[in-house]
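Annotated features in TrEMBL:
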type    : residues       : note
BINDING : Glu234, Asp270 : substrate binding site
DOMAIN  : 239-322        : domain 'Orn/DAP/Arg decarboxylase 2 C-terminal'
Amino acid sequence: MTIKTPYYLIDKTKLLPNLEKIKYVREQSGAKSLLALKCFATWSVFDLMSEYMDGTTSSSLYEVRLGKEKFAGETHAYSVAYADDEIEDVLANSDKIIFNSIGQLTRFEEVSRNHIRGLRVNPQVSTSDFSLADPARPFSRLGEWDAAKIETVMDKVSGFMFHNNCENDKFERFDEMLGIIEERFGHLISRVKWVSLGGGIHFTGENYPLDQFCARLKAFSEKYGVQVYLEPGEAAITKSATLEVTVLDTLFNGKNLAIVDSSIEAHMLDLLIYRQTAKLEPNKGDHEIMICGKSCLAGDIFGEFRFEKPLQIGDRLSIQDAAGYTMVKKNWFNGVKMPSIVVRQLDGTEELVKEFTFDDFAAALS
């Protein structure tokens, strides 16, 4: 069966190296890893991921439910703010609930009394160079930062969540920031049972000093007597998927352009938000061509790439690294056909697990 583009192709054989590193970290450090569903929630591959990870962490009621229903293991609930009409469902579908503020913790203290509770702590340092994604940005709403205030509610929580890394592929920077956390909050950490260090730590990347990372995590855990959790999102699925597209038209308008049956606005939104270029391999040759999306947005452009020969209508392209923050953010802008989801199994067979139609488009509206 020929699968029509556009579609996301998730390759389990490319997932495995990331998952094996995650498993290694647990074996060597004792740190448990929870998949961050905000980054990747395509549950068709949860059967494989759940063999290597300890559960899921979420940012909303629906993510909590998805983790509970589709992924084995622990289910951690977090939200910037819980609503009155959803808190009961959040509690029913989670093993731990993490509150973003002391105000929320106090508001829902009674209803969550028999639940394992945590508090998000903002150490006011991060690795992000982009304010949109910086949890430590000025006037950040993400977590409590005043140790004195946190101390007043220590009897109400048994754990903390620190999420201040963002695409951090430098162990030295991770080590430095963990030291700052210890300096500012160590006297409180020693009084809890578990600590989540969040996501954004690119420890599955090439040449990352995994043994140093494990040693640091283990030392931290033993020093304070806590169970450490990590919340990998991108680190769990990096380089495991592509967005498969087809060239629909070519033209010359001062540059050679090729229009494909996809849209960066609708199908790889983060690239547009962060002003990043998509990845195409091998990106070599004498012919430079701008790859453009088919929406009406003037800046719907994947980037400029090099090819061995001019592109022709009907040519197939594979846009790399298309797993993280893509399928969870895809949208119906312009009514552009939403990419199907295809899984390449470990035996090499490809399975079409989801195809979107006009009915899905209409149902998403009113």
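Placed from the backbone N, Cα and C atoms, the Cβ positions cover glycine too.
Just so you know, TrEMBL annotations never went through curation; they're auto-generated.
The local packing around Glu234 (substrate binding site), expressed as other Cβ atoms within 10 Å of its Cβ over all shown chains, amounts to 23.
Every protein chain considered, the tally of other Cβ atoms within 10 Å of the Cβ of Asp270 (substrate binding site) stands at 15. With DSSP states grouped into helix (H, G, I), strand (E, B) and coil, the domain 'Orn/DAP/Arg decarboxylase 2 C-terminal' (239-322) comes out at 9 helix, 37 strand, 38 coil. Averaged over the domain 'Orn/DAP/Arg decarboxylase 2 C-terminal' (239-322), the predicted model has a pLDDT of 97.
In the three-state DSSP scheme, Glu234 (substrate binding site) falls into the helix class.
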